[in-house]
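Undergrad: The Mn(2+) 2 binding site annotation in Swiss-Prot covers D276, D569, D632. Residues or ranges marked as Mn(2+) 1 binding site by Swiss-Prot: D276, G277. Look at Swiss-Prot and you will find 148-166 tagged as compositional bias 'Basic residues'. For 239-641, the entry in Swiss-Prot reads domain 'PPM-type phosphatase', with the evidence type sequence analysis. Per Swiss-Prot, region 'Disordered' is recorded for 146-166.
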Amino acid sequence: MGNGVASFSGCCAGTTAGEISGRYVTGVGLVQENLGHSFCYVRPVLTGSKSSFPPEPPLRPDPIPGTTTTFRSISGASVSANTSTALSTSLSTDTSGIASAFESSNRFASLPLQPVPRSPIKKSDHGSGLFERRFLSGPIESGLVSGKKTKEKAKLKKSGSKSFTKPKLKKSESKIFTFKNVFTNLSCSKKSVIKPINGFDSFDGSSDTDRYIPEINSLSTIVSSHEKPRIKEEEDKTESALEEPKIQWAQGKAGEDRVHVILSEENGWLFVGIYDGFSGPDPPDYLIKNLYTAVLRELKGLLWIDKGESYNRNGESNIEKQSTVEHASDSDQENCPVMNGNDVACGSRNITSDVKKLQWRCEWEHNSSNKSNNINHKDVLRALQQALEKTEESFDLMVNENPELALMGSCVLVTLMKGEDVYVMSVGDSRAVLARRPNVEKMKMQKELERVKEESPLETLFITERGLSLLVPVQLNKEHSTSVEEEVRRIKKEHPDDILAIENNRVKGYLKVTRAFGAGFLKQPKWNEALLEMFRIDYVGTSPYITCSPSLHHHRLSSRDKFLILSSDGLYEYFSNEEAIFEVDSFISAFPEGDPAQHLIQEVLLRAAKKYGMDFHELLEIPQGDRRRYHDDVSVIVISLEGRIWRSSM
């Protein structure tokens, strides 16, 4: 969305240069720095658990009733269409910043998106002629997460885990191996992928909660300039902890899209943030730097508590907002039950903490027969909303000194998984789409009806091939855009004196999304007046035209849930929800060792090229910025909710 940031610095995690060059010899000279990246994470086999799983049958019966699922694997990919722009708050005038980049802790693996050489496309030798490869192998198929890592590889991974937000002290601490380095011996960019916003890196003050909130920067050996020097003993402890960090993290950007993934295998939780910016990189950069820590702070006492503290289960939530929450469980309901919060405006501080002191509630309640019943899901959702409010409030403080920030904003999609509980918060038009198997009894009744009706040969083949494995999409969040009639009616009702509140299918003729983080000039007259006259809108009245009021939703995973697709809206310019889950399901059935998120990115580009009468390579040859006319920045994350999707990943 918007005109944003764009260039590349990929991280080839978990492998050596020799291994990559040997595997991708056909890609020499074809490296594109500004395109995108593909990454993956595979849950390690825990002590005492099975080290392998039986192959998946082509037609799988419905899983045993009563079984539960949790995430096992994460496949992610992003592609940029926008050009690179500098932060508005940055003193640098350098516009050569990278537009597509990725960095992570040691258990994530990533590779840049690299098109195959121009040549007649060969059909895959995996036994299926339905898919054509346009990119080189992603990290899953490449085996970057297979087998045991040697000490040398672990060191490479450690050196490649750098901070998005903190300045570097040593070159050795920021060394990173890129795909381009493998082939051309060129050095990787030494600039941080996400620059701090000057003057608002952190706020003064602290609380008891602050000491126990893990922040991504706490996993790095990089220290900020205002921190006290550590003694050698402390540094040794830190380096020892970094060998196997308590939490795993990944951060990436493609154009103005930002992706943030943080997880803990030990405590069974996963945080995913997708921030789709518009008009500038500042809001998504600010979100990736601040929202996660704000969420953890608000969740204290709900999902985690400090050691030595007890949790009052009868305590009331300290958020007094009136909202209605609905929960989805393993039922026949296939619609999108959600909760819409009140108008919000957001803020947080940057706090470094000791991850070892963090204890999630499940550790204190392990004797409970049903842990989910001990969590007030309504309070968790409201805590997410509160975190978003505080993050936007602190971002608004910057607008006083930098009025141009009032033009910029971002869509927000946050997914928090804790065991079998999934919490989704969103503003804007990004989507969380669950792929779910339909009810078995319904399917049996449907098959009985199909026996007595005349079917076409194609329908018969489809039913035979897909059987009971046919998946149904369940969108877990509401979309906030002018494409939703309910949103258009709301804005017109709130602005009865402004006949141009919605113009050319956009809010005030400017923005297609009806809710967003930032974009203050559409929320308060004072931010509109602070802009140069050429950028102002005709602000009628004082009511906001757009809000940051999020869609909130809780879902309890069941045996029927197969995978979850999280994506910015660029995916849905060319896919419906049904098409997206069918594409992923078909792909992983044909290629258990493939990268489904990368495949979706490829299909978006193929459909965009076909729509405008070009081939795949012709589209990618169009310069960034100009290519935005054909497709948006796209970020996709596919989360497996079963024991295993990809054989090569185990």
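A Cβ is built for glycine as well, from the same backbone N, Cα and C atoms used for every other residue.
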Undergrad: Around the Cβ of G277 (Mn(2+) 1 binding site), how many other Cβ atoms lie within 10 Å? Please give the count over every shown protein chain.
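TA: If we count other Cβ atoms within 10 Å of G277 (Mn(2+) 1 binding site), we arrive at 32.
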Undergrad: Using other CB atoms within 10 angstroms as the count, which residue among the binding-site residues D276, D569, D632 scores least?
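TA: Each of the binding-site residues D276, D569, D632 was scored; lowest Cβ tally within 10 Å is D569.
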Undergrad: Give the helix, strand or coil assignment DSSP yields for G277 (Mn(2+) 1 binding site).
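TA: Once the DSSP labels are grouped into three classes, G277 (Mn(2+) 1 binding site) ends up as strand.
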Undergrad: Whole-number Å only: compute the distance from the Cα of D632 (Mn(2+) 2 binding site) to the Cα of G277 (Mn(2+) 1 binding site).
TA: 11
